[in-house]
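K.L.:
The following feature annotations were taken from Swiss-Prot:
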- 68-77: compositional bias 'Basic and acidic residues' (COMPBIAS)
- 1015-1026: disulfide bond (DISULFID)
- 55-94: region 'Disordered' (REGION)
- 1-20: signal peptide (SIGNAL)
- 21-977: topological domain 'Cytoplasmic' (TOPO_DOM)
- 999-1167: topological domain 'Extracellular' (TOPO_DOM)
């Protein structure tokens, strides 16, 4: 009991040093203070009134004291209404006017989650006083104060403390029979992670009553608070501070302040204040006054996020340190951080995000509140209370007969309904609200807050804080932070109902496996049939389903989703600018220009011309070289444009020269594109200053691409520009052409695509996708609508882009938009920088935002719905062998890769949108570059889904995957053509065989006929008389003729048809091969092995050849020199004997790396 009293003493801001003096005296003093604070000021005496009817609340000895305390509290309320409003604690609850129902103030008035935790802990101590601090013979339950609960916030430790306080057990979810017999077993050396306590249902052994309710509320609240603290730690981790959620807050406080506190007078004070950190110095507005408004806004948001996280981590760490009176962290800044932690009312706004309460859910909740409340109140004859609240007749307290309410409630003692009735009455009871200067019930207050009538923070009470003597103003921001408390009114088993709801949100829809799985056992035809069966087979039915999906999205998408649709992309390379060096590259005559030689590189750059080939073709050639020989380790090639490489050798400081990552292939290709644009700029420099739109556009694109972050953030995509309108004849010709091309798995070819560069704001993108997942889960009853959410969202994006980007003014009237035509404002070059940047983004978004969202919905959305679809890939790429092969260009065509996952080809066939797949097939240049960028985009996105191995592998292997897909497209088309030829060959062989068989049969018939006879009737003999016609007899017997023909056919086929038989087998293989992806990929793997062997052989023989040539060259040189030397010093006869030997020895020394001068001097010395 003494330990429990110690925790209670800390919760009531008492010193634990007095506990040893007199335990009974301390207990009495704490009891009185607890009654004053929790019983009256916080309103938990209302719960205790009901507790006496359903279970023990306070001890029996204290009931009389409780009644006196309650009577004194009522007297205090009465005096506060009639006398000075500052007298009494009840007046402190209401501010300067009137009184407010204490239980409402205690439960839902405060918007500070940490102070609310303190209130709930005190309420639990008050309601369960006998169970924690009583003198009974029964075993007391442990009690933990606020500091202990807040200092141990974690999904594992906090539920254990609360379970011990509530005498509760966590029930693990039941495993299905299939999961029990699953063949996938966890290895013995990898123990199963311990599940979070909040993901399990809770079964309390406490009797139904107020204490159990408060502890259930505290359990849910601390779960949300733990999530919030983990988010703050993640903010620091992204900022480079090594904090961890698995260590104590004191350790995190030390790490944070040691790394980020600034030293003053050569001394570092820990803990320090926010203004003394490096974050404050880096992000304050005074440091970078030259930033744009958007950059200033981003910087301001980051500043407030870090400040909030700093205050949270520092406050919780200092709160934990207060448990140790000898801690060195105690002091002024620590106490200030704790006070700030308990007084910042802005922290309550995060509760809305924790529990998904937007305006739609609030309306649903209030509607359900009225329906369930009417049913519950009707059992007591109090349904008129709901009618009064509904008809807005609760403007005065005279409408409520409190005596009648108490009389009816006194007749019922069943907790399951009586306590819920009291809570409903408390929610409907009118009370004075300071922000309205009038009477308003909490339910009406919620309606008003979410209706937008009050957009400012509304102060509702002035509560005397429980840790100091200063008054703290508490407010309720718009959104009403603790609406989730009403879940306890709407659900019979509210804590477990919330667990079930959370599990439902984590549940994976079954239809995702059928539609998005990469399993080869589910054919594409079955996927299409399944989708049509659920969404609607006929066009009208599908349209109705699509309209329902659009309605769901329009109502439930977060506020401001249309802004996210437009702001999710930052375009860095304009399509009209890239078209100059891709689509129109042959129009420029730049071979004679010397612009490239003017570049200040360390070495002369390779001479190339945009006239000879487009930049995308050069990128494809570079990818092809990488796929054959791997990434070049050349530092200059890896990062040619690095600042330290500019200038001359004498200006280069080797100690500061960076070592670039030679595996960042995207930087090299980014540099190639930028070089081409710079060549164009030099070619058209005469347009500078002439307000030319195109030249200005190229200048802006170069500036965007030269930005430091652009090299890593920009991803290049290409799209095929199609003709907007066609005549009837053109459509017929296109249909015929498409039909024949489909037979050979081809599409109409395109020389170039319309290319552009874009950066993605993945946090905002995932905000939309995760909300769509939530909508799909809630729409489980309408599976068709859930399946078509992606298509419905694309239509909404099209409507949003059409309005926001003003597409109507980017093409002439009555014409359709063609992305190959520039769509800029005519006065683009004359706009200022800010307006030009806005028009730059809008013009690109008008053409490409819809296709980018289609790309996102194809590559990311399926795995947001069902992340387990990527689990096999993550395991496969996480093996030691796969990690070693990260930079191996032959890995994508190896047997192990093909039969393990073949991820690149699966993503191409299952996730690539149809238009993009057609573009990859039709392009003549840029195929490998496009798919490499798509794989890099997927890799970056999968990092957000916690798939690190898959993400890194896709990014590093992207060029090799791009070349493999390019080869795959060509191989499939080639195999189909060979299959068609094989079908024709087999058809001709079959026709020849059939005709031959018919001919043989006819010959057998002809050669085996009987002789022709002339017959007549003999009347005397009464029979036919036949005479053989001369010359009509058979040549041979039928049996002999048949045997002879069979022998001849067998002989001829054995001699001449052996090739035909081989042709039949070969043609049959070609047909089967064309339809089998496994056979084609196996052929590619065999070719890969053969190429590797050939490279090894060439490498060996080339070394031998180089060695022989070098030896002969040096030998001939040495022989020539020796001959010249011999002519001057020795007779011819002496020289001839030693010439060859000396030349050979010198040659061998040179090849071995030994200087030839040393043995020569030794030889001279010996002489």
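Glycine is treated like the rest: Cβ placed from N, Cα and C.
What's the neighbourhood like for these features in this structure?
P.N.:
DSSP assigns residue 1026 (disulfide bond) to a strand in the three-state reduction. A simple way to gauge crowding: the CB of residue 1026 (disulfide bond) has 11 other CB atoms within 10 angstroms, across all the protein chains here.
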K.L.:
Take the Cβ of residue 1015 (disulfide bond) and count every other Cβ within 10 Å, whichever protein chain it belongs to.
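P.N.:
Within a 10 Å radius of the Cβ of residue 1015 (disulfide bond) lie 9 other Cβ atoms.
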K.L.:
Can you see whether DSSP assigns residue 1015 (disulfide bond) to helix, strand or coil?
P.N.:
strand
